[in-house]
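Undergrad: Pasting a structure below so you can have a look.
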Amino acid sequence: MDWWEPLLSTLRLITVTIVGSLAIGIPAAWAASTLSHCGRSGRGFARAFILAAIAAIAIPMILHAAAWEATAGKFGWLPLTQTATRSWGGFAGLVACGWIHSIFGAAIVAMATWHGTSRVPVSILENASIDTTPLRCWWTIQLPLAWPWVLAATILNASLAATEMTVVDLYGYRTIADQFYLLYAVDPDLTSIATTTALPLAFAVAMITVLLRRVRARQTDYRGEHSVGHTASDLHTAPDLFEQPSLGVRIVAGLILTLCTLIMIAMPVTGLMAKVGHDVIVDGDQRIAYWSISRSVQELAAAPTTFSSEYQWTAMLGICTGIFAIFVAWPLAAVGRQHPRFESMVDALTIILFCIPGPLIGMSIVQTFTLPIPGFRFLYEMTILPTVLAMSVRASTIAYWILRSGYHGIADSVWLSARLELSLLRRCWQIDRRLMARSVVIALLTAGIIASGDVPVTLPVAPPGVSTVGTRLFGLLHSGARYQEAALALWYLGFIGLGIALIYTLSRFGSGKIK
């Protein structure tokens, strides 16, 4: 097979994703940072955007595709072609795939940039504020100092564009990952595997090279936080030290955050709600489209019954995968906190595993459980163990980094004291269990949510009769069942929203501010 055309398509999608995510995410991060220092209302607005960005990241890619198809697709409410009496080809191919990946990536860039700029020590900003305005200070000092976070987010977005296949398969845009899923998922060869993993592994190496060194430097700064003073995220605690942004700057920042919140969350959700109540009446040669609240209620009321199996399997797989991910990630994070060299090795391994395309992970598990080993065939056909193992690859990496961050948030004095007085097992039970309880719950919920929507991994490995919300959405979108798809997606979105709200509440518990 000629891999050049899929390679060029993949590179085009990566380029569009990087440009779009940076163009949206960096201004959004500036706006959130600016408004977070503009009184209680500004901080509330910034927190609302941060929550919207977290939601956009947590929502599975297939759900983004479903929402934007209901918003800007051929039957979407934005192009006003719901009756299908006209041909609408604008939201298709590279345009549709690039837009969906850009919106998803913009949330990642915004969060990474906001976090990176908020870690700049106040002492640096105090010196800079003498000669520069807050606007210029952010763009010329804070943003350049946050370049590792921005670069890491960019590499992550490029890796997702190169490995994610559900969106590109929906719009018939043939990337390398999609070609592997279509042609080699059942019987892969060495060439297809090497070609499919080349770009992701290159991104993984770049991520390891750039991010890990910077993360370790940041950890050193964090552990010595009391010696270097506050960071930029603490500016609102001392507003008299810094000049407040002008009214015009605050208005521009508010408009940017409003626009970004609309395109990340509000417009896609509106598209799903519009599609649930959408109907078409045929009157002679005319087709009249209208929206009915009774139809919306009917479709939403019927969805839990119609798709009860999908919701149950999704919840079961998400819970099992989250628990399994914790059992894998927690010991690694605990040992890594005590042994930096081991931690660096695990960091590199998790990044590599995260960058492996989902179909390749799924097929590797399938090939393993089809080996002539007693019991493997039964486990593959009659249990969800292979599915949980496949979904746990990425879920475990996410859980590991959350737990790793939690361990590095423990003060050195507490950690060294526990390390000297207690063995590893006693320390984990008596000290870590209490100090890490919040991080463990957050990691469990996050891993479960991410795993529940990991369609590229689930499709090849799910046993017969097991259908998740993500795989069912994938099938409905391909078949054109727009109304059922919207109702299914809205309920799933509601469940994810509850999980995100719980995670956000836990992450802010006892902190008193966004961090």
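The count begins at 1 with the first shown residue.
Including glycine, each Cβ sits where the backbone N, Cα and C put it.
According to TrEMBL, the protein carries these features:
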DOMAIN    7-212  domain 'ABC transmembrane type-1'
TRANSMEM  12-32  transmembrane segment
TRANSMEM  44-68  transmembrane segment
TRANSMEM  88-114  transmembrane segment
TRANSMEM  135-156  transmembrane segment
TRANSMEM  190-212  transmembrane segment
TRANSMEM  247-267  transmembrane segment
TRANSMEM  313-333  transmembrane segment
TRANSMEM  345-366  transmembrane segment
TRANSMEM  378-403  transmembrane segment
TRANSMEM  435-453  transmembrane segment
TRANSMEM  486-506  transmembrane segment
Undergrad: Flag the pair the transmembrane segment (435-453) / the transmembrane segment (88-114) as in contact if three or more Cβ pairs fall under 8 Å (sequence separation 6 or more).
TA: no
Undergrad: Does the transmembrane segment (12-32) reach the transmembrane segment (345-366) with at least 3 CB pairs under 8 A, where each pair is 6 or more residues apart?
TA: no
Undergrad: Quick one: do the transmembrane segment (190-212) and the transmembrane segment (247-267) reach 3+ CB pairs under 8 Å, ignoring pairs fewer than 6 apart in sequence?
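TA: Judged by the Cβ rule, the two regions do not touch, with the required three close pairs absent.
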Undergrad: Do we see three or more Cβ pairs under 8 Å linking the transmembrane segment (247-267) and the transmembrane segment (88-114), pairs being at least 6 apart in sequence?
TA: yes
Undergrad: Within the same chain, where does the transmembrane segment (44-68) have neighbours whose Cβ lies under 8 angstroms from its own Cβ atoms, ignoring anything closer than 6 residues to its ends? I mean 6 or more beyond.
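TA: The answer is 28, 31-33, 35-36, 76, 91, 96, 99-100, 103-104, 106-108, 110-111, 114, 160, 164, 166-167, 170, 254, 257, 260-261, 264-265, 268-269, 271-272, 446, 449-450, 452-455, 470, 473-474, 477, 485-486, 489, 492-493, 496-497, 499-500, 503-504, 514.
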